[in-house]
Amino acid sequence: MVKKAIVTAMAVISLFTLMGCNNRAEVDTLSPAQAAELKPMPQSWRGVLPCADCEGIETSLFLEKDGTWVMNERYLGAREEPSSFASYGTWARTADKLVLTDSKGEKSYYRAKGDALEMLDREGNPIESQFNYTLEAAQSSLPMTPMTLRGMYFYMADAATFTDCATGKRFMVANNAELERSYLAARGHSEKPVLLSVEGHFTLEGNPDTGAPTKVLAPDTAGKFYPNQDCSSLGQ
């Protein structure tokens, strides 16, 4: 019980820090000092949301301090596979809402409700319904459900990085010999990043220098490289 109380208290503190306390409707612009004070810690929530043609959508949401999020949705009682889907993107806070923008540019909205998050409608307004639209604070691992990612892959000195097209964030890539060979073949003689489309998921691994948990891209497929293209290319 004590451990649960501590987890709940930390969730409340982190959530209030995340949402801020000003009254502006747009995303906050903070001074460096304010940004340091309001820097959020990774946070996660879980719950079962309503579903029109299944028993419910088991939803897990993970916010990261780098401004990104990952969501996993599992359709309970679904007859078709796959029944689990993952998505990711960037988050921002307004005066009273949490705004999630996914990798396709679509937005969704939530608001603080105690130590929980309440899902809002597509316009960012409360949903008038008898059904539950609340995600409770929880401690969970990042989902392993594959999702499509596109970004610039670069490999040098036994280390690979991936700069995601949707978020602009750069991640280390888990060791993958096949992907490394494909990159070397695609880049030719030039030592430069190559556009990559790959199915993968995020995981936490210890930083080789500090040992601190670091978010890493773990490829689930061989992926496909597009030489001489970048994130602005129509052919990505």
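Using the three backbone atoms N, Cα and C, a Cβ is placed for every residue, glycine included.
The S-diacylglycerol cysteine annotation in Swiss-Prot covers Cys21.
Annotated N-palmitoyl cysteine per Swiss-Prot: Cys21, in sequence order, evidence recorded as sequence analysis.
Taken from Swiss-Prot, the feature region 'N-terminal domain' covers 21-100.
The region 'Could contain a copper-binding motif' annotation in Swiss-Prot covers 144-156. Looking only at the region 'Could contain a copper-binding motif' (144-156), the predicted model's pLDDT averages out at 96.
The annotation motif 'CXXC' is assigned in Swiss-Prot to 51-54 on the grounds of an author's statement. For the motif 'CXXC' (51-54), the number of residues in each DSSP class (helix H, G, I; strand E, B; coil) is 0 helix, 0 strand, 4 coil.
The annotation signal peptide is assigned in Swiss-Prot to 1-20.
Residues or ranges marked as topological domain 'Periplasmic' by Swiss-Prot: 21-236.
If you look at the region 'Could contain a copper-binding motif' (144-156), the same-chain residues 6 or more away from its ends with a CB under 8 A from one of its CBs are 72, 82, 84-88, 103, 162-166, 173, 179-180, 183-184, 191-201, 203, 217, 220-221, 225, 230-231, 236. With a cut-off of 8 Å between Cβ atoms, the residues of this chain six or more beyond the motif 'CXXC' (51-54) that come close are 75-78. Residues of the region 'Could contain a copper-binding motif' (144-156) grouped by DSSP class, helix first, strand second and coil last, total 0 helix, 10 strand, 3 coil.
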